[in-house]
Amino acid sequence: MAEFIIHGGKKLHGSVRLGGAKNASFKLMIAALLAPGETHLLNIPRIDDVEITRSIIQHLGGSVRAAGERLFCLDPRGLKTSEIPLSFGTRSRASSMFIPPLLARFQKATVPLPGGDKIGERPLNRLFEGLKLMGARVVQHKDQVTVSAKKLHGARISFEKNTHTGTETLILAAVLAAGETIIDNAAEEPEVDDLIAMLVGMGARIKRTLKRRITIEGVRRLDPTIYSVMPDRNEAVSYAIAAVATGGDIIVENASHKHLGAFLDKLSEAGGGFETGSFGIRFFSKGQLRGVKVTTQPYPGFMTDWQPLWAVLMTQAQGQSIIHESVHNNRFQYIDDLVRMGADMTLYTPKVADPKTFYNFNLTDDHRQYKHGAKILGPTPLKGIDIAIHDLRAGATLVLAALIAQGSSRLRGIDQIDRGYENLDGRLIDLGANIKRV
């Protein structure tokens, strides 16, 4: 198994261009299965989550052909089975999104319950209730679920809590359903709008009629299209923090400030530097950082994927910083490793007036040992250590920590990083980092 050896203390300088968004690319691949014919997806990142989705499509009988630098040509006309093997469930959290295209083709879908990052429960009950309202029969087993329906019909669906994947999956289900579907409290993330834009290009009739309402009028068929995946905003934040934390200066060429508003606001409050323009966003150090409070929220709030990365930056800030995680019930696994590196961090339970409405996760999935807040005192020097990586965003977090640490760090389990970051080590090396993959 590959490892990173990182020698910290180097200021990072230069420019980097973002790849296609991890949280959009594999979902657009699945959406392509709804149209008979070959769809062309541009700006596909070379990451493991994309390759896993490619493997699932090929197992089902579909064709996924790479052409040129970042083009995938997808053709579902060879699909021959409605069942995804259990072995894919532990490797991908996308498995539930295959339900709509398999229902459209076979009137039945059997998929494993999704895996992915070990960051808490993924509440699929919200998705399954929506499919039932559309006329589907849902039978859940221990490790998989079978969904069947001769023909889905439109429905009025209201999510109790924000659900990114639930919104996207029900959009995929509704585009070929009979009649009108209205999704209330629909997720607002840019990746959801990227999916909508692609489906509209395929002939779907989808509109955001209110801020958190999506209306879909089902159509008889969709057609193949050519579409380019949006840039990855999580990558943008990763390079932003790498620049500011190391005292460097990095231009992220195709970053969109529209998608990063909550992050840019907090970066400015903490004393970090950035400049926006037609080129993208330039991130740079302006001197001593200040501790600030961050609460994660669904878009347009501060993204939950950003908080582990932000925690590294706050170890170098003056005073106390607070992170309150409201989206996932267990996303502080990286804290112990940062403390071992020298960070002054303490987990605690924040006081909340109404936890049921404040937290986006199901309280029934929560556990007493999970803490939802972290207090960070800084600035503290970090030292290099040996670390085992257990999930994607924590892995990127520990890479950032190693970049500012004194001495060398050895990171094991970097396959987790490769799931969502294309050539992270090579791109950081180009910016001046001292990293070796062994």
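Cβ atoms here come from the backbone N, Cα and C positions, even for glycine.
Sequence annotations record features per position, and here TrEMBL assigns active site, proton donor to ASP117.
In the three-state DSSP classification, ASN23 (phosphoenolpyruvate binding site) falls within a helix. Using a 10 Å Cβ-Cβ cutoff, ASN23 (phosphoenolpyruvate binding site) registers 24 neighbours. Annotated phosphoenolpyruvate binding site per TrEMBL: LYS22, ASN23, in sequence order.
Residues or ranges marked as UDP-N-acetyl-alpha-D-glucosamine binding site in TrEMBL: ARG93, ASP305, VAL327.
Residues annotated as domain 'Enolpyruvate transferase' in TrEMBL: 7-424.
In sequence order, ASN234, VAL237, ARG393 are the residues of the chain that are 6 or more apart from ASP305 (UDP-N-acetyl-alpha-D-glucosamine binding site) and have a CB within less than 8 Å of its CB. Each of the binding-site residues LYS22, ARG93 was scored by the other Cβ atoms within 10 Å of its Cβ; the lowest score goes to ARG93. Annotation note: ASP305 (UDP-N-acetyl-alpha-D-glucosamine binding site) sits in a helical segment as assigned by DSSP. Note: the Cα of VAL327 (UDP-N-acetyl-alpha-D-glucosamine binding site) and the Cα of LYS22 (phosphoenolpyruvate binding site) are spaced 19 Å from each other.
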